[in-house]
Amino acid sequence: MSPTGFTRAAAAPPPTLSRHAADTARLAAPLAIAQLSQMAMSVTDTVLLGSLGPDALAAGGLGANLSFVVVTLLQGVLTSVSVSVAHARGAMAEDRVPHIYWTGFALSLLLAVPAFALLSFAQPLLLAFGEPAALARNVGEYAAVLRFAAPGSLIGVGLMRSFLPAIGAAKRLLWVSLAGVGVNAFLNYGLIHGAFGLPRLGFLGSATATTITIWLTAITLVALLHGRSTFRHFVAATRPRLPLMGELFGIGWPVAITYGVESTLFLATGLTVGVLGESSLAAHQIALNVASVAFMVPLAIGQAANVRVGYWAGAGAPVAARHAGFVALGLGVAFMSLSGLVLIVAPHAIVGLYLKLDDPANARTVVLATSLLGIAAVFQIVDGMQTVGSGCLRGLKDTRVPMLAAMLGYWGIGFPTGYWFAFHAGLGARGLWWGLAAGLASVAMLMTWRFHRKSAALGVRADARGQA
């Protein structure tokens, strides 16, 4: 293994399946913990905002969600950085890596402009959708603070989460993300309540704390990357290249659209569940929260697959690229199967983390939530499969067809099926969740089939070149 965690294609034979599994797990583990740390920051914000009352929680929560959606969609464009670096390293063309890094850095700053603009108009946008004036004003104030975090988020999360794993430096994400949870909690409490000698800013203190934490995270990651001699040659000073920026954007924009298609599916499902009543919505939120936590692991495996498939594809080793992808798919399905088994075996224990099971007022929600967790056990397996499959295809720089597959699966199959089950078959929230499962299953099958075809074709082309 090289110091950065990749077997050099020119120096060693392609790895065995067990080595693929070990290397993928080693790369995915810090990414999963970093993503769980980001979720922990969100939970911290929610808990501390809740101490100010429901109005502050509603405004802060909506403002944070709005910011998260906008920035996450734009971060999708930057996923192109990881696969481009992986291809360059696999092809033993590491002199290209600094050009990719600095072009990606410039692209991050450019993407921050629409993020800043959208968050600046949060209040009029909410008013246009008929939200109450007081809520729209408070959300607008919250988003106006968070907009200043957009450049830091696109650099610290978008760029660094793509670049660092591709050069074998994923562990830096882990430690900095864990530290960020503590810093965010300290600043949130201090700025909300005026503790520790900090000014008391009320609910805007949470937005200020999050903004500061995001910038500290970005600055720390950049400093660690540039200051470590092992990685300094990857970031040697060079000018961004416009043609390369076009290439990165061309690979990345379909990923951003895919993120948007998936996000709107879950948003629409949540709004539709809300029509069925408070108990249904509460049960839906519990099941979705549990599924979201488990999803961080296959999401990280998909990011690792992106890098490893890209590396071996760049190295001209199509069999190794294919094996890297299918091993990652196996790991994702295996983890989500175990996670699903937990949901089947102990649904009441899980729901008990959110609600008092012996409270009669919660009885209907508890029954429905445990039922949804049973569906989530199936839902999780195909959800993990589709996100890892998407990562494998990104490793082959194949993003446009997966985008179309997501559109078809989520909105052509998933939501219509769920709506029919919910309101015509009388299954209610359970029907909507079966629709989600159907949509995710169709996308998972399409992604896996596409990777099978693309990776096999890559091998055929390599054989043809060898014979020529």
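Glycine is treated like the rest: Cβ placed from N, Cα and C.
According to Swiss-Prot, the protein has these features:
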- 57-79: transmembrane segment (TRANSMEM)
- 100-122: transmembrane segment (TRANSMEM)
- 142-164: transmembrane segment (TRANSMEM)
- 173-195: transmembrane segment (TRANSMEM)
- 205-227: transmembrane segment (TRANSMEM)
- 248-270: transmembrane segment (TRANSMEM)
- 280-302: transmembrane segment (TRANSMEM)
- 323-345: transmembrane segment (TRANSMEM)
- 360-382: transmembrane segment (TRANSMEM)
- 401-423: transmembrane segment (TRANSMEM)
- 433-452: transmembrane segment (TRANSMEM)
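Here the transmembrane segment (173-195) has long-range neighbours at 29-31, 33-34, 37-38, 40-41, 44-45, 48-49, 51-52, 160-161, 164-165, 201-203, 205-206, 208-210, 212-213, 216-217, 220-221, 224, meaning same-chain residues at least 6 beyond its ends whose C-beta is under 8 angstroms from one of its own. Proximity of the transmembrane segment (100-122) to the transmembrane segment (205-227) is not established, fewer than 3 Cβ-Cβ distances being under 8 Å for residue pairs spaced 6 or more apart. Within the same chain, the transmembrane segment (401-423) packs against the transmembrane segment (248-270): three or more Cβ pairs sit under 8 Å, each pair at least 6 residues apart. When the stretches 57-79, 142-164, 360-382 are ranked by Cβ pairs under 8 Å to the transmembrane segment (248-270), first place goes to 57-79.
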